[in-house]
Amino acid sequence: MKKIILMLLLFSIFFILKSESQNTLVLNALIYDNTPSRNPDFEASGSVGVQKNLVKSVLGSDGTPVYCCGNSPSATIHNQTTFQSWFHNVPGVNLPIQKDIILTQSLSNPNIYSYSNDSYFVIDGQGFDDKSVYPNERVYRDAFGNPHNFHFCLQAHTEFQYKTGDVFNFAGDDDVWVFINNILVVDLGGIHTIASASVNLDLLGLTPGQNYPFDFFYCERHTVESHIRIETSLAFKCPRYDECGVCEGDGTSCCTPNNCDNNPIYRTNCITAKCSNNVCVTSAPYCSSTEPCTVGLCTPGVGCSVVPKNCVNENHCTQDSCNSTINACQHDPIPDCINCAYIGCITTDYCNEQVCSADGRSCETRPKNCDDLNFCTVDTCSNGVCIYTRIDNCVNCTGPGIGCITTDQCNPNVCSPDGNSCIIQPKNCSDGNACNDPSCVSGGMCMLTPVNCDDGDDCTFDSCSSTVGCIHTNISNCVECQNIACITTDFCNVKICINNGTTCDTVPKTCDDGDSCTIDSCVSPSGACLYEPIANCVNCGGNQCITTDFCLPLICGPDGVTCAVEPKKCDDFNPCTFDSCISPQGDCGNAPIPGCVACNEILGCTTTDPCHPITCSAIGDQCVSTDKDCEDGNHCTINSCQNNNGTATCLNSLITHCTDCPGIGCTTTDFCFQQVCSATDGDVCTTVPLNCDDGLQCTVDSCIGPMGVCSHIAIAPKCLECALEPCITTDNCQPVICGPDGRCIQETIEDFCDDYNYCTVDTCTGVGCEHASISGCRNCTNGIGCTTPSDDACNLQVCSETGDSCLTMVLNCDDNNDCTEDKCLNTGICQNNPIDGCVTPSPVSIGGTIPPTTTGVSQVECDCCPIGQKCLLVNGHEICIKPATTGGIPELTTGCAGTTTGRATGHYTESGTGNPHLCDRYHCKRGMECHVVNGVPECLPSNYKCLDCLDLHCERQGDFTCFMVKNPNFISSKHSCYGESCCKFTPVCKPKGHSL
């Protein structure tokens, strides 16, 4: 979304300067650089527009806005914790940066000051945008692909003297809040497009001529542009103006068109410069382009030019171009392309795939493998699909690459026994039957033709044997008639010739004995008569009465001619038997009825379910049903009866997780609450909760049902078990420890991250200590550091002799030549320009002088220079100066040798020898002392005493040398170590030539 940064007064420390002629206002402020990876409020998704009431209407007690909603989210703000880093220093989350902004007086209305910048990226390359310090932070870019720092918050605080008619106008986007007299007068919160506001101070009830506080807060939280536009008539205070009318100016801002607007150095280096009220206002080097798909290019020494936008990416499988409609690069994927190291390989024939070469610089064709290892198929590829066409009449052989194809089905091609060749094997159509004549016809079909065995003799039987062929057997009882044979095979049916011997006729044999209860027949083929009695047959007047079911036998009726039925009786007069006649044999069946009890000769009681037996009543006149008793006396069983094929089986199933009590069964369904027998009443169950207490205060103990699993969850990652309560540390810079009374206390660590170097800025980030060096700073002896500005190296800030204050020492550039004009440049370089027409006077012998030093430090009295000698403090070291006995340069000598204790700071060297000056200018706080450890001065606790190689004198032990090794007992905290445990290294003697 488009960003228009709205700023008036920037950041925490805010000095606004104003001149008599009202040319400019200089705004000094503090900016807090944030990043989306550390605070999700920045680059938040969505655009919700202007959202009011995100902060309370009255400024907080610390001079910053108060978030509306505590720990609850609102639109693009997550909670109070994330909002805290907007306007407060939170190490590890944000970075503070000082910046200025200059408002210019209006030419048409001297009471109005304004500032406008449509590319206001105030901290590009700084803070989290500095890749030399934060290489892993993401780079955010504008619509043209240029990297910028889009995520920061600023605050500004000042006073103004109210006058009637005062106004304050601005336009911009994202969060802006303005407080006048601690009351909110502008409320433009949220991520939004450009929004404007105007404040008429006459409506605020202010008193003319009276001073009021003015507090301004702004956050830029989203890509992709940044603008600022300000107009105000407020009379902000300024203590001093220079001759150019610049508030707190240095007198160098006056300019002319020649050295500003038309300066070729600016133009050829892509810098826009313009004189405004004698101030040369310059921009950062920047080249723009208004044509789509082009960008501005700055060539130092030449100027701006327009070049096509480079849309080529590292993917060789995209079609890279610039879309002039949206003025943006687009990368269209190339179908069927493989991205190689230096080229893209495109496959157009899917049967011949394009792949990367081994070095990635060219493409290689890889034909698709369609071999199915079947020698009876034709393998081809079409559009990347393998096609396998079957070869008709083909047989795969076992040999390599062998397939045998048959073209004549009567003479097929088959595999040889070894499978390595094809042989012709004529088709065998014989079925092994001598009665068939085999042959093979077209298409490989077998034909079997029957053999003709007819011998033309009617009284021979012509047949064929599958093994011997045709057989001609004489036919017995054959009468040869005219062209026909009449053969008697059954003498119950004799064959004779009729019709003049042209046909045969059959004459049946008669066999009747006149008895209706016999079956008369002729026995073939012998022709003998047979008279068989009919079983169970009664001859009733020539009629047959045959009994087939002896339960229903047939007898002659009263007339002696017809048949009558006489049923068989089988009653045994027992009510518990089933009486029946068994057909057809007529046997009586009196089967006992299972489970039947005879109550009398008529009534029987039958049990069909053995679990519910049927018995006779007491007087035997009726049947009574009862239940089988399966009770086992156990309260933790389910008792039942089961009918197993007529047998009653008692089932006593145990109830799981049940305890058998005297009068009840107690069943547990949730093992977090076990059911047990009551100790006082055997008919009652008691619930006993599972004890999951692990005895630790830093865990939350619970039972997970129904399985009864104990859970012990830590209440915090860093928790200490103290006597009376758990102690939780949430901030590594403020650890919580156990107090003497067993309760939690905040551990007081004085100067936790203080490295005792007054030329560093020490902070605790929650992860570790950070020590940022202060450029141009020197440590003094008594607790201060003196910093020389980088733009004023001619005025060195040096330590006073006592080390408790800073002195300004002007760099001496006098070259003792009367014919040069001597001056010092701001960079600290002396410049000695010859004076035209000047004649150098003859040399005159004079007393010795003290040569200038690179530090410009004057002479002071030193601790141990010989009497009559002076010294210079050069980079914190004493250099003694011996006066010259004759004219010329004094002689520089070394400082004092031996040891020193410094000035009331307890400084001393390790072994009492060596260079004492390493600690002489190294200041340590109370309770700390300076020690030279391995040739480096360090502030360590007063109880520290470490040895080094000078203490051991390994050379006195013979052919030995000394090594410094890591101390295994070293304690890194300078507040917790004592004696040897404060030493990082300890010396050991080893034979020469030995290596660690």
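Cβ coordinates are placed from backbone N, Cα and C, and glycine is handled just like the others.
Since we're looking at a predicted model, the values are computed, not measured.
If you look up Swiss-Prot, you'll see 105-250 marked as domain 'PA14'. Taken from Swiss-Prot, the feature N-linked glycosylation site covers N79, N117, N323, N396, N428, N474, N500, N645, N779. Per Swiss-Prot, the feature signal peptide maps to 1-21; the stated evidence is sequence analysis.
Between N645 (N-linked glycosylation site) and N474 (N-linked glycosylation site), the C-alpha separation comes to 71 Å. Using DSSP to sort the residues of the domain 'PA14' (105-250) gives these counts of helix, strand and coil: 7 helix, 63 strand, 76 coil.
Annotated pair N79 (N-linked glycosylation site) and N428 (N-linked glycosylation site), C-alpha to C-alpha distance, rounded: 97 Å. Note on proximity: of the glycosylation sites N117, N323, N396, N428, N779, the one nearest N474 (N-linked glycosylation site) is N428, by Cα distance. N323 (N-linked glycosylation site) falls within a strand when secondary structure is assigned with DSSP.
In sequence order, C293, C329, Q330 are the residues near N323 (N-linked glycosylation site), counting only same-chain partners six or more apart with C-beta under 8 A. By neighbour count, meaning other C-beta atoms within 10 Å, the densest spot among the glycosylation sites N117, N500, N645 is N117.
For N396 (N-linked glycosylation site), the nearest of the glycosylation sites N117, N500, N779 in terms of C-alpha separation is N500. With respect to their backbone Cα atoms, N500 (N-linked glycosylation site) and N779 (N-linked glycosylation site) stand 163 Å from each other. Classification of N500 (N-linked glycosylation site) by DSSP places it in coil, neither helical nor stranded. Annotation: N396 carries the greatest number of neighbouring Cβ atoms among the glycosylation sites N396, N474 [cut-off 10 Å, Cβ to Cβ]. Recorded residues N779 (N-linked glycosylation site) and N117 (N-linked glycosylation site) have their alpha carbons 41 Å apart, per Cα-Cα distance. By a simple count of nearby Cβ atoms, those within 10 Å, the most crowded of the glycosylation sites N79, N779 is N779.
N428 (N-linked glycosylation site): 9 other CB atoms within 10 A of its CB, across all protein chains. The CA atom of N117 (N-linked glycosylation site) is located 106 Å away from the CA atom of N428 (N-linked glycosylation site).
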